[in-house]
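See below for the structure under consideration.
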Amino acid sequence: MVNGEEYVETPNLIHDEETRKDVKFNLGIELLAGTLAGVSSCILFYPLECVEAKLQVQSSSTAVAATMLGLKKNGGSGSGSSSSSSISHQTPNGPIAMAKSILRNEGFKGFYQGVSPTILGNAVNWGVYFSIYRATNHWWNSTDINGNQYQGPAWVGHSVSAITAGVITTAIVNPFWVLKIRLATSKKYSGMKHAFQSILRSEGVGGFWKGVGVSFIGVSEGLFQFVSYEYILNQMKESNLKMNGGELSVGNYLFAGGTARLIAGVLTYPYLLIRSSLQSETCPYKSMSEAVKGIYKTNGIKGFYKGIGPNLARSIPPAAFMLYIVEFFRDTLTNFSQ
């Protein structure tokens, strides 16, 4: 106790498992800091996210078209080859071609198609995620099941916190991602309100939770990312011991954050593609297993990684800076509240 305030030793988001600092936990500040960080990141990097979403949905749509043409060809139409060729010419192949297509057909504003639900989704996503993550970390490192302060490796608490935050956040935020995918890939909606009403009318409340099952698999993304991040930081700290006593530079943190995101992105990207496909209005698949079979049958293993380039280009920079953005807002809000 210090002046009536309770302080506990809690691992900082960017500290290795050996390092702890005294932190006064404030759920409101954590929620607001995560919200502001999510909005800032979304505004800066949404164009790449839009390109990525269009490529992911295009992958499943192309797979369906190819399957239907194959059926027609087997039925004796004889036009399968030429039609298949026309499909490949009509659809942009790759992130650069997709970006050019968006700019040519929709102008610069096309890169921000569907941005409204994404801003709201990011605000809720990171606000909820970081507040739950920090709250779980606070609880985990305050006591164990016997009421004693936890003294084990910090990565265990990080893992439990990441899984807990990921599951709860996914369940809450999924409707925003459904709206984002619909607005980013379809021109039939005049805005977020129209899309919301249309989905509710034609698909019911359940339509907003399309793809939520596969989204839960994505909880592993945060787990892979954070464990990798902690490990890389620890290795760099050990290598810096002889030079500067183990102090880590800003570059060290950015490298660790970017590399950890790269590892997590490569391992979990297929689920992102399947989730986007299931949430798309034109998706012909009724389940995750059906989507996996359809994509694999048409494009093989590489089909599960279509669009991974813009995904990594979009996600690595904000991942490398996100923790610092959160720390900045957290420190600013803490100082302002005192």
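The backbone N, Cα and C atoms fix where each Cβ goes, glycine too.
Residues or ranges marked as repeat 'Solcar 1' in Swiss-Prot: 25-139.
The feature repeat 'Solcar 2' is assigned by Swiss-Prot to 153-235. For the repeat 'Solcar 2' (153-235), the predicted model reports an average pLDDT of 83.
Sequence annotations record features per position, and here Swiss-Prot assigns repeat 'Solcar 3' to 248-332.
The topological domain 'Mitochondrial intermembrane' annotation in Swiss-Prot covers 1-24 (among others), and the record cites similarity to another entry as its basis.
Summarising the annotation, Swiss-Prot assigns topological domain 'Mitochondrial matrix' to 46-109 (among others) and lists similarity to another entry as the type of evidence.
The feature topological domain 'Mitochondrial intermembrane' is assigned by Swiss-Prot to 131-158 (among others).
As annotated by Swiss-Prot, topological domain 'Mitochondrial matrix' applies to 180-203 (among others).
Among the features that Swiss-Prot reports, topological domain 'Mitochondrial intermembrane' is placed at 225-253 (among others), with the record citing similarity to another entry.
Taken from Swiss-Prot, the feature topological domain 'Mitochondrial matrix' applies to 275-307 (among others), supported by similarity to another entry.
Sorting each residue of the topological domain 'Mitochondrial intermembrane' (329-338) by its DSSP state yields 9 helix, 0 strand, 1 coil. According to Swiss-Prot, the topological domain 'Mitochondrial intermembrane' annotation covers 329-338 (among others).
Per Swiss-Prot, transmembrane segment is recorded for 25-45 (among others). For the transmembrane segment (25-45), the residues of the chain that approach it from at least six positions outside its boundaries are 8, 10, 115, 118-119, 122-131, 134-135, 138, 314, 317-318, 321-322, 325-326, 329-330, 333-334, 337, judged by C-beta separation under 8 angstroms.
For the transmembrane segment (110-130), the residues of the chain that approach it from at least six positions outside its boundaries are 30-35, 37-39, 41-43, 46-47, 49-51, 53, 99, 102-103, 165-166, 168-169, 172-173, 176-177, 179-185, 191-192, 195, 222, 322, 326, judged by C-beta separation under 8 angstroms. What Swiss-Prot records for 110-130 (among others) is transmembrane segment.
For 159-179 (among others), the entry in Swiss-Prot reads transmembrane segment, with the evidence type sequence analysis.
Sequence annotations record features per position, and here Swiss-Prot assigns transmembrane segment to 204-224 (among others) based on sequence analysis.
Residues or ranges marked as transmembrane segment in Swiss-Prot: 254-274 (among others).
Annotated transmembrane segment per Swiss-Prot: 308-328 (among others), in sequence order, evidence recorded as sequence analysis.
If one looks beyond the transmembrane segment (159-179) by at least 6 residues along the same chain, the residues whose Cβ comes under 8 Å of a Cβ in the stretch are 114, 117-118, 120-121, 124-125, 128-130, 132-134, 136-137, 140, 192, 195-196, 199, 207-212, 215-216, 218-219, 221-223, 226-227, 275, 279. Proximity of distant same-chain residues to the topological domain 'Mitochondrial intermembrane' (329-338), defined by a Cβ-Cβ separation under 8 Å and at least 6 residues beyond the stretch ends, is recorded for 24, 26, 29-30, 32-33, 36-37.
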